[in-house]
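The structure appears right after this line, and notes come after that.
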Amino acid sequence: MRYQSYFNTALNIINAYHGEMPLAHFLKQYFALHKKHGSSDRKMITKACYAYYRLGKALQELNNAMRLKVALFLLWGHEQEWQIVFPENWLQQEYDTLAKRWKILQTAFPNLQYTAIFPLQSALSENIHSTDFSAAFLLQPKVFLRIRPGKENEIIAILQQQKVTYTQLNKTCIALEQGMKIENILPLNKNCVIQDYSSQRVGELLQCIPHDSKSLAVWDCCAASGGKSILVKDTLNAIQLTVSDIRQSILHNLQQRFAVAGIKDYDLFLADVSKPLTPALKNRYYDLIIADVPCSGSGTWSRTPEQLYFFSEQQIEEYARLQQKIVQQVIPQLKPGGFLLYITCSVFKKENEEMVQYILKNFPLSLMKQQLMEGYQMQADTMYAALLQRN
């Protein structure tokens with residue numbers, strides 16, 4: 001009956017949750033108020049809640065209890081302990097693989113289609129395989145490490161010594177399963193950083209920027225916790241770095257991270273770059289501006305599937321307007337011949353290719369390269385990046 005209790009608790013949480021905060025935060029608050037749940041209880045209840053939202057927009061016509069049963073059967077039906085919550089007729093056929101369980105559920109619920117998980121198909125960027133992308137929501141993404149220059153042998157040696165199961169995707173990228181307390185094993189930020197595979201691939205566009213002995217003036221205008229700045233430092237080496245963000249708290253986190261990463265000489269300021277810059281900021285010009293802009297985050301929703309569940313299509317337009325405001329403010333700060341690296345973790349063309357077309361139409365820039373990083377094939381995020389040069 002323990003798993004029936006997990007089911008009931010998860011259902012109560014789902015009924016109470018309306019997307020007002022990230023699901024992880026909501027669960028943390030719930031467990032803080034209900035201390036009767038031990039570690040293994042919390043793990044199973046969390047697992048059930050996330051399973052529910054991994055169905056995305058599919059089968060929203062069902063009541064929450066039945067939809068939760070569908071989600072658990074699809075994702076965890078092979079685990080015998082959960083079988084107490086499933087209808088008997090689901091268990092009368094072979095169900096040892098996800099494909100077999102999908103077929104059983106499609107018989108019971110003909111509306112269950114992969115593209116129903118993510119129905120905003122017409123809004124997707126070019127070259128995204130809609131079925132594969134939607135199916136990826138049923139898999140928990142992996143954790144990826146980027147090994148910093150010269151630390152490859154050291155990091156691999158630690159992983160092997162600690163008997164960590166990992167996959168090495170290339171010389172500097174390591175894939176790990178979720179749930180591992182990697183911060184207790186590796187010197188994070190100093191010798192390696194947690195950075196999604198697709199985010200690491202942004203370095204492929206940075207390689208297109210000429211960088212000889214000249215020190216480039218670089219502005220990471222939406223720096224967040226500084227992951228892209230560390231990547232730029234590791235890729236281009238000699239840079240004069242400036243970072244900014246709208247959030248004071250995250251700039252504090254960036255400073256702590258930079259200290260561990262050994263990045264000392266940089267300028268930092270608090271700014272909302274969707275609004276006119278101050279006269280002092282307008283007098284600063286850069287060889288490279290990184291605009292990792294606020295976006296729908298749709299390329300990362302397999303990590304936070306509740307965001308897909310509660311997302312409305314009109315929000316795409318709201319993000320696109322914000323992105324236009326940001327590029328309007330930062331592009332004038334490019335030196336002649338300077339580069340703009342425009343980045344989103346979105347799968348929507350209005351935030352990606354159409355935003356680049358807006359830039360090309362309204363500013364004296366040329367497109368050097370654009371790339372969609374299709375992470376859904378790797379249990380990674382999907383991202384878009386474009387490198388443009390000022391004429």
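Note: Cβ is positioned from N, Cα and C throughout, glycine not excepted.
Lifted from TrEMBL, the feature list:
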{"type": "DOMAIN", "residues": "114-391", "note": "domain 'SAM-dependent MTase RsmB/NOP-type'"}
{"type": "BINDING", "residues": "ASP245, ASP272, ASP292", "note": "S-adenosyl-L-methionine binding site"}
{"type": "ACT_SITE", "residues": "CYS345", "note": "active site, nucleophile"}
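Pairwise Cα distances among ASP245, ASP272, ASP292, which the record gives as the binders of S-adenosyl-L-methionine, peak at 14 Å.
Each of CYS221, CYS222, ALA223, ALA224, SER244, ILE246, ARG247, ALA271, VAL273, PRO294 belongs to the same chain as ASP245, ASP272, ASP292, is absent from that list, and has a C-beta within 8 angstroms of the C-beta centroid marking the S-adenosyl-L-methionine site. For ASP272 (S-adenosyl-L-methionine binding site), the same-chain residues lying six or more positions away in sequence with a CB closer than 8 A to its CB are ILE246. ASP245 (S-adenosyl-L-methionine binding site) sits 17 Å from CYS345 (active site, nucleophile), taking the CA atoms of both as reference points. In sequence order, SER198, SER199, CYS295, GLY297, SER298, GLY299, THR300, ASP381, THR382, MET383, TYR384 are the residues near CYS345 (active site, nucleophile), counting only same-chain partners six or more apart with C-beta under 8 A. The Cβ of ASP245 (S-adenosyl-L-methionine binding site) has 23 neighbouring Cβ atoms from other residues within 10 Å, across all protein chains displayed. The Cβ neighbour count for ASP292 (S-adenosyl-L-methionine binding site), using a 10 Å radius over every protein chain in view, is 22.
Mean predicted confidence for the domain 'SAM-dependent MTase RsmB/NOP-type' (114-391): the pLDDT average there is 97.
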